[in-house]
Number of protein chains: 2
Amino acid sequence: MIKMKRILVKETIGRKEEKVMLCGWIHNIKKFKSFAFVYLRDRSGVMQMILDDMDMLEKIKLEASVKVTGTLKVNEKAPGGVELAVEELEVVGEAKYDLLPFSINGRDIQASLEKQLDYRTMSLRRMDRRAVFKVQQEIVEAYRAFLIGEGFSEIHTPKIIGAETEGGSDVFMLDYFGKRTFMAQSPQFYKQMMVGAGFERVFEIGAAYRAEPHSTWRHLNEYMSLDLEMGFIESEEDIMDLEERLIGFIMDHLKEKCSSELKLMKVELPKMVKIPRISLTEAQDILLKEFGKKSPVGNIDADGEKLFAKYVKDKYDSDFVFLTKYPASKRPVYTMPDPELEGMTKSFDLIFKGLEITTGGQRIHDYDMLVDNMVKFGAKPESFDFYLESFKYGMPPHGGLAIGLERITMMILGLDNIRKATLLPRDLNRVTP
Amino acid sequence: MIKMKRILVKETIGRKEEKVMLCGWIHNIKKFKSFAFVYLRDRSGVMQMILDDMDMLEKIKLEASVKVTGTLKVNEKAPGGVELAVEELEVVGEAKYDLLPFSINGRDIQASLEKQLDYRTMSLRRMDRRAVFKVQQEIVEAYRAFLIGEGFSEIHTPKIIGAETEGGSDVFMLDYFGKRTFMAQSPQFYKQMMVGAGFERVFEIGAAYRAEPHSTWRHLNEYMSLDLEMGFIESEEDIMDLEERLIGFIMDHLKEKCSSELKLMKVELPKMVKIPRISLTEAQDILLKEFGKKSPVGNIDADGEKLFAKYVKDKYDSDFVFLTKYPASKRPVYTMPDPELEGMTKSFDLIFKGLEITTGGQRIHDYDMLVDNMVKFGAKPESFDFYLESFKYGMPPHGGLAIGLERITMMILGLDNIRKATLLPRDLNRVTP
């Protein structure tokens with residue numbers, strides 16, 4: 001085959017008669033008597049090609065990867081307004097299956113989600129499946145760009161840790177050269193420590209591990225956590241202010257960068273308005289009064305979150321709501337108590353269309369207060385020396401938050417299962433592929 | 001204290017007499033009879049302040065975090081040309097130590113590396129220590145920007161995996177709900193699979209785990225791997241071409257974004273020239289002829305790498321060299337054999353100033369060839385079903401590489417230990433802080 005620079009399908013748009021080389025997979029074949037329409041799919045789109053060499057046609061199979069040269073022809077009926085008259089076609093990656101696990105080129109995949117995940121590399125060959133991850137990538141890109149603009153530093157902290165960060169028993173244990181260690185449930189301690197180490201403002205895009213032995217539409221056992229932490233704040237309101245601007249920034253970014261993906265998935269981005277901030281107690285009262293819905297002590301259950309989201313949508317026209325001032329008993333040991341509300345904390349969740357996508361708040365920065373709180377929580381301060389040490393040397397007032405990347409992706413795209421927003425999910429039953 | 005918007009120390013430069021608020025840590029105190037110079041350090045720099053309230057001075061301790069308001073005064077003798085006459089000073093984060101682990105404000109830290117790592121959040125309070133991570137962040141930023149420009153997608157793959165990827169016994173095991181799983185030694189299988197899934201070009205910035213029970217200046221047990229993989233290549237030369245441009249892009253980016261950090265650390269960036277590509281066999285011959293240095297079969301040892309780097313620097317004026325065509329016996333099972341060189345592979349390492357910072361090459365993309373190779377290597381293909389499955393459906397020719405982030409950071413900055421380029425290192429003896 002002659003040497004040419006490969007171009008992408010999307011780069012053929014607007015071209016006239018011209019010799020080009022394309023690479024990709026055989027997406028579809030429509031045979032006629034003396035020629036065939038063969039559709040080539042690359043990462044950018046699908047191209048209609050005309051093949052009149054019937055011997056060549058014999059050699060190709062759906063989903064084989066090929067390199068093709070030919071001449072572009074304007075054809076208004078072809079998708080993209082242009083088609084390719086094939087001159088040479090080389091199979092560079094052979095298809096060696098008896099039967100495809102499911103059809104790639106139909107209107108949708110006719111298989112269960114589990115089967116689609118079993119054959120993840122096949123289901124992702126569909127553009128509408130990969131589009132999810134384009135949007136996810138741009139969420140991350142916007143998150144990073146926004147925070148760098150706000151003076152944050154990106155950090156990478158270890159996931160093998162000597163002590164649990166979030167408490168509870170839901171932690172994976174790892175044998176580290178004979179030492180009992182854990183997989184980090186979050187970078188919580190480290191991001192706080194790095195604020196105190198002089199970075200002042202840090203963020204991390206990294207894996208978090210929760211050994212929760214359940215399998216639901218909204219939980220993963222390994223997920224990507226978008227974490228941030230910020231020093232020299234006045235209160236948790238500063239963190240909510242920051243997140244409000246961040247979410248607006250992400251939506252604007254997606255509008256600009258993902259219009260074709262959003263169109264393909266028929267997704268409308270949420271309209272951004274001032275996000276209401278409502279205390280947990282007030283929200284519980286509203287749920288009881290408006291919907292006759294009782295809430296568990298110090299919390300709102302999943303159904304309550306949905307009902308409350310509806311109430312907020314109706315009243316404030318907002319898809320988002322901050323629930324604030326959770327009781328200390330329901331928040332981790334490092335959460336700053338609210339001096340004006342006995343038993344409550346300077347914490348918040350962000351609820352997006354009825355699902356919690358963020359937990360955040362102000363943290364305790366005083367060494368003695370933190371040690372006392374650990375004792376109160378029944379934790380042994382001496383197990384957390386590596387963390388507490390930082391608090392002896394002028395830790396500034398600080399706070400932060402974490403956003404579950406797969407959750408925010410799922411909710412923006414209106415997906416009904418978090419696995420659809422995860423490239424290779426890990427759950428109770430799945431460690432492969 | 002009155003409400004004002006905080007500004008950074010670097011933002012005071014060029015200002016005239018003006019009331020401002022600063023936040024940061026007490027970096028140094030020089031007492032005189034009726035006043036004191038107090039130095040405030042924030043993430044951007046150090047400010048000289050004049051404090052004449054000797055009662056206020058009593059309240060502050062080195063490294064306490066404070067909020068200060070006062071009036072800027074032009075003073076040519078002050079660092080930055082401006083100093084602050086303090087009006088109000090509030091300690092927002094108390095210092096509660098008896099003795100600092102080591103002095104932060106001296107010419108250097110007078111403590112062993114181990115002690116500096118034990119008190120990582122203290123050693124990082126020095127600007128020259130944090131500067132390492134500014135450079136590291138910009139290496140990552142450049143890596144990402146370059147690859148996005150080349151049409152790559154950023155992916156996040158799981159680190160809990162059902163099968164070992166790189167072989168060998170150096171793998172951490174994890175109990176996953178009673179199942180035996182592993183911590184990923186690399187995202188190798190997944191990045192290949194995602195090429196085949198239709199992304200064509202992918203990269204990942206993620207943790208990799210090696211349970212190697214040794215402690216050296218250049219190894220970590222958990223490190224950040226800059227991985228990439230690319231489909232529809234002609235040969236491993238395409239990957240080397242890409243890396244060569246990538247490295248040049250990174251250096252240009254650092255020159256632009258990190259000039260003050262590089263100056264602070266007295267670092268000169270390598271001059272970029274065409275990177276020589278020399279086969280392993282040829283390099284071994286040169287080592288023997290030029291230096292009388294014998295090499296182990298199919299490899300070059302650490303000393304050999306250093307000698308060879310010197311040879312390349314003298315002959316080609318390059319700090320980098322690609323060593324190519326390693327024997328199959330020394331490369332992983334997925335490495336593409338070189339059809340023109342019996343027993344050799346289409347693989348390479350990139351050596352930077354005598355240290356390997358990249359391993360890469362073309363991979364096997366044919367299903368049968370890969371299965372045969374697994375059998376030849378003594379691996380059980382059935383254990384790798386989740387990986388092999390992808391190769392049945394038209395996997396295109398592909399290749400890729402991985403760069404150790406801490407290694408490239410260390411080598412660019414001329415550090416003598418990889419732990420210095422790691423925020424919170426994990427090694428044989430260290431899982432804290």
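Every residue, even glycine, has its Cβ placed from backbone N, Cα and C.
Look at TrEMBL and you will find A:E166, A:R210, A:T359, A:R363 tagged as L-aspartate binding site. What TrEMBL records for A:R210, A:A211, A:E212, A:R218, A:H219, A:L220, A:E356, A:G404, A:L405, A:E406, A:R407 is ATP binding site. Here TrEMBL flags A:133-433 as domain 'Aminoacyl-transfer RNA synthetases class-II family profile'. Here TrEMBL flags A:188-191 as region 'Aspartate'. Taken from TrEMBL, the feature site 'Important for tRNA non-discrimination' covers A:P79.
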Expressed to the nearest Å, what is the distance separating A:R407 (ATP binding site) and A:R363 (L-aspartate binding site) at their Cα atoms?
-> 24
Could you give the mean pLDDT over the region 'Aspartate' (A:188-191), rounded to a whole number?
-> 97
Cβ neighbours within the same chain of A:T359 (L-aspartate binding site) - under 8 Å, at least six residues apart = A:S347, A:F348, A:D349, A:L401, A:A402
Among A:R210, A:A211, A:E212, A:R218, A:H219, A:L220, A:E356, A:G404, A:L405, A:E406, A:R407, the annotated ATP contacts, find the widest CA pair distance and round it to a whole Å.
-> 19
Is A:E356 (ATP binding site) helix, strand or coil when read with DSSP?
-> strand
Rounded inter-Cα distance in Å - A:P79 (site 'Important for tRNA non-discrimination'), A:L405 (ATP binding site) | 34
Quick one: among the binding-site residues A:R210, A:H219, A:R363, A:R407, which has the most Cβ atoms sitting within 10 Å of its own Cβ?
-> A:R363
Tell me which residues of the chain lie with their Cβ under 8 angstroms from that of A:L405 (ATP binding site), as long as they are six or more apart in sequence?
-> A:Q136, A:I139, A:V140, A:I205, A:Y223, A:M224, A:S225, A:L226
Could you round the CA separation between A:H219 (ATP binding site) and A:R363 (L-aspartate binding site) to a whole angstrom and send it over?
-> 25
